[in-house]
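**Student:** Before I ask anything, let me first share the structure, which is written out below as structure tokens.
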Amino acid sequence: DDTRPEYTGKATTDVEHVNIYDNGGLIGTATVQADGTWTFTPENPLTSGPHEFTAKPVDKAGNEGNPISATSFTIIGEPPQEPAITQVQDDFGAIVGDLQKAQTTDDKTPTVSGTGQAGSVVHVFVDGTEVGSTTVNPDKTWSITLPDLGADGEKKITANATDGAGQVSTTTDAYPIVLDTTVPTNPGFIANDDVGSYTGPINNGDVTDDTVPTLTGTGAPGDVVKVYDNGAPIGSAIVDSTGHWTFTPSPELANGPHELQTTHTDAAGNESAKSDPLSFTVDTGVPVIKIESVTDNVGVTEAVVRNGLTNDNTPTFAGTTNPNQLVIITDKAGTPITSVTADATGKWSIDLPQQVDGVHDYIAKVTLPNGQAASDSFTLNIDTQAPLKPVFEANDDVGPNQAALSSGDVTDDATPTLTGTGQAGDKVTIYDNGQPIGTTTVKPDGTWTYTPTTPLAEGPHSLEVTHTDPAGNESLKSDPLDIQVDTSTVDITIDGIRDDQLPVIETVAKGGITNDQTPIIFGTTKPDSLVTIHDSNGQAIGSTIADGSGQWSVTLPTQPEGHREYTAVAELPSGQTAEAKVDFTIDVTSPTQPSFVATDDVAPSIGDIDSGDTTDDTTPTLTGTGQAGDTVTIYDNGQPLGTTTVKPDGTWTYTPTTPLTEGPHLLEVTQTDPAGNESDKSEPLDFTVSTTVAAVNIETAIDNKAPKTGPISDGGLTNDDTPILSGTATANQVVIIKDQTDTVIGSVTANATGQWSIELPQQVDGAHTYTASVTLANGSTAQSQYSLEIDATKPSQLTIDSVSDDVGVVQGLLVSGDSTDDKTPTLEGTAEAGNVVTIYDEGKPVGSVTAGPNGHWNYTIPAPGLTEGSHNLTVTQTDPAGNVSQPSDPFNVIVDITAPTITAEITGITEDSGLANDFLTNDPSLVISGTVSDATQLQVGDKVQVRIDGGVWKDATLNADGTWSLDNTANVLADGKHVIDARVIDKAGNYTAPSSKEVTIDSAASAAPTLDNINDDVAPVTGSIGEGDTTNDARPELTGTGEAGNSISIYDNG
């Protein structure tokens, strides 16, 4: 701690003096004595911190030599001065700038600035944890941007300083700020039209003539509501103390579409998302409407003139009006007929509903939302009565067969003559196969005639006619006349005989054999020819019409067995014919139903296999008898397994070439003769192939009873008195479950993969051993065991013994229903030792703790803690088996971390012996008084507290009208300046930022003032007035001296 330490050494005889350096800088010299010694003491005290002394020899010529080795040490002086936090700055979000103490901010990384001792290192703390440090600048200023402050809530910022010697200053008072990054909710708004004939709420899609609709809504008091129109801000409003706001646009909204939205911004600058948009249109225009056209859409589409004639009883009206307006079409009496909405350009079009014949006067009308209307009219004559359905004749006047044609006739006349009658002047249209081929007009005598100018093509034709009157109404088509034009010859071939009788479906060769008594004869001929089949007696037994490609086929009626001959005859409508012949043999007698024997020839069980048996022979031998040459087909489970042929001695044998699979099998056989006739299947032989050894294993037990569910280990504990056992076993086998008394309590069949699972019937508490067993058809058995300890009894209901508040200015045990500013209160109670106690908030779990050996438990709700508002806290206890007790009775706490919205103002002291309200007094024992900013906002439990010079806060007497006072007369204050702070604190301990007043106590009497001059400034004689003089100045000027700031009292005659 010596700031002027003595530095000594020795030098050689050629050294005159020694230069002394501190931290590389020259600080002085020392003269070398005759004995070679030298001594140096710094002229100026060294500063606190590290120092490194070196010395360099200098000879008489002034040459400086190399330095000697350095001496390092540290000066420990006074600790550095306490730094000051002068500013906390918010530079994030909508609201930026300096933060006052206890002010709310949305900046999670604010910048802290202050002053301190130059060169010292300032360490910044948040809630006692260091978050950063910086070096004080030469101008004694410092600044640091804090890292992320974390969760919302109050943050207390403090700082201290360290010097180079590691000494630490005192810590500053806390600079509290409140972090709030929670975005406000946006409840939306209502817009009201209060102009014109239509008033009330404006809904999405509405049209309004109010250019300044009123917007209203609710929100958090003090929040700023911003209003946007088509995405651009147009103004704002403040939510009042009742939570309501109102806004009217200024300037007015322009005509056209508008989309209004709002946002809410709280005091911290957090801005909500935009509200759902309200889209509407402002329209203050005058209605216009015109019927531009009426269109006839029946037959040929054409325009109808006003007062015109039409056969369209649903004509299309079209016109123009105001954009997006509803156009209503009415009759002359004003009865609405239909309506349509114009598009964005004002165009509209609508088909009328069906109208009756006659003259009609139509009116198109439009009415704007402001009640103004316009209309236009249109008259037309509707005639929809069509002529009667016509009839006609067609005559064949070519070739040998000339006569009137009937539907279905074939003709060789490609230009038949059509005739008929009708209404003179009507147009007759002739159609062929639906297409018009010509027209003619009914003559004055009511007759008409038509001959095709182009000959009709070979093939089918469907002739029809219609009559059309002058209004354009066309009659129904006449009944069709269907004829065929054909002048060609014909031939025919038989291409084959098709056998579609099981078991063999095939084409039979001419002269072949078949078991099909209704075979199909098929071939080719001229398209659409009639083909008739005759038997050997010339009897027609079937016929068909060849298709469009000339293909034909006829399924014969049931034919007797034996050799058969058939003739196919093709015939055209003109009478031309052609024929072809075919013969084959029919055999439909099936072999008799066979029988067979299956033999197991694999040890140990060798012998015949009977239905229902189980065998380990996967290739049993099948034997039987039949007709030599017949084919024997063996089926397994309905599917062909193989074939063999009956030998000449009438016997047959079959052994499967592929071993039969494990499992059930059903064997059957049939015999098929050379004609393809297959016998009925033999009686089935059903048996099971099994070489399997029985197996079973209880793999796990499952607990399905909350709260602890899932697998239970063998020998494990569970609260589920109907647990599930599951495991594996031989596939498809019955698993029998027995308890420890060998009583069967359930059974289940394993699935195809061997998996099984079973829920046990309700079990009593205690130890249980379960056995699963399987027995196969071949007698093989297996078993498996599994043990469980069942405890399904619930623990007793708990009680929350205490809830404690250890945060803020109001701490201690809470009573149910109390308010608290502690978001993480501590709960305590007792439970069964080792049980898990679960804590719930409004029925939702927030955490758990295990009761100690003595049953005691306590739990502190973790950060971020409970939200602001009412909370019903309950607890349950869960034993090792997972049984959960009934919830405790609720313990209600009301979390209140919001400071009062009102402030306490200091308005006066008693006695204030100076000027009124200058807070200067000679009275050292004061009564301090004031008022709150808004007495209507006082809540039950709110108090005003006062402190003097940063001391203890004391409760003031608070009146209902918001005035308050604190009697401090028992505490005499010393002369000098005193700072008095006042704040409002609620029952939860939340308090406002204090207001302050500086009071000066001056109880010492001042020295007497001097009266130095009395001046007369009224003519004719002016100047100083001596004692005893006479003056004409009734208001002379007095001057003198006194203690600065004192009030001077002037006395006249005492």
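Glycine is no exception: its Cβ is also placed from the backbone N, Cα and C atoms.
Remember, predicted model here, so these are calculated numbers, not experimental data.
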**Student:** TrEMBL lists region 'Disordered' for one of the ranges 37-60, 133-156, 253-276, 541-564; which is that range?
**Tutor:** 253-276
**Student:** Do you know which of 652-682, 1024-1054 TrEMBL annotates as region 'Disordered'?
**Tutor:** 1024-1054
**Student:** What else in the chain is close to the region 'Disordered' (1024-1054), if you only count residues 6 or more beyond its ends and a Cβ gap under 8 Å?
**Tutor:** 914-915, 1006-1007, 1009-1018
**Student:** Hey, which bits of the same chain come close to the compositional bias 'Polar residues' (436-448), Cβ under 8 Å, at least six residues off its ends?
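**Tutor:** Counting only partners 6 or more residues beyond its ends, the compositional bias 'Polar residues' (436-448) has Cβ contacts under 8 Å with 419-430, 454, 467.
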**Student:** For the compositional bias 'Polar residues' (634-646), could you work out the same-chain residues 6 or more beyond its ends whose Cβ comes under 8 Å from its Cβ atoms?
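**Tutor:** That would be 622, 625-628, 652-654, 656-657, 660, 664-671, 681.
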**Student:** Counting only residues 6 or more past its boundaries, what in the same chain has a CB within less than 8 Å of a CB in the compositional bias 'Polar residues' (403-421)?
**Tutor:** 390-397, 428, 430, 442, 446-452, 455-457, 463, 465, 480-487, 572-574
**Student:** Relative to the domain 'Bacterial Ig-like' (95-181), which of 194-284, 306-384, 607-690, 910-1002 accounts for the most Cβ pairs at distances under 8 Å?
**Tutor:** 194-284
**Student:** Please average pLDDT over the domain 'Bacterial Ig-like' (306-384) for the predicted structure.
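**Tutor:** The predicted confidence over the domain 'Bacterial Ig-like' (306-384), as a mean pLDDT, is 91.
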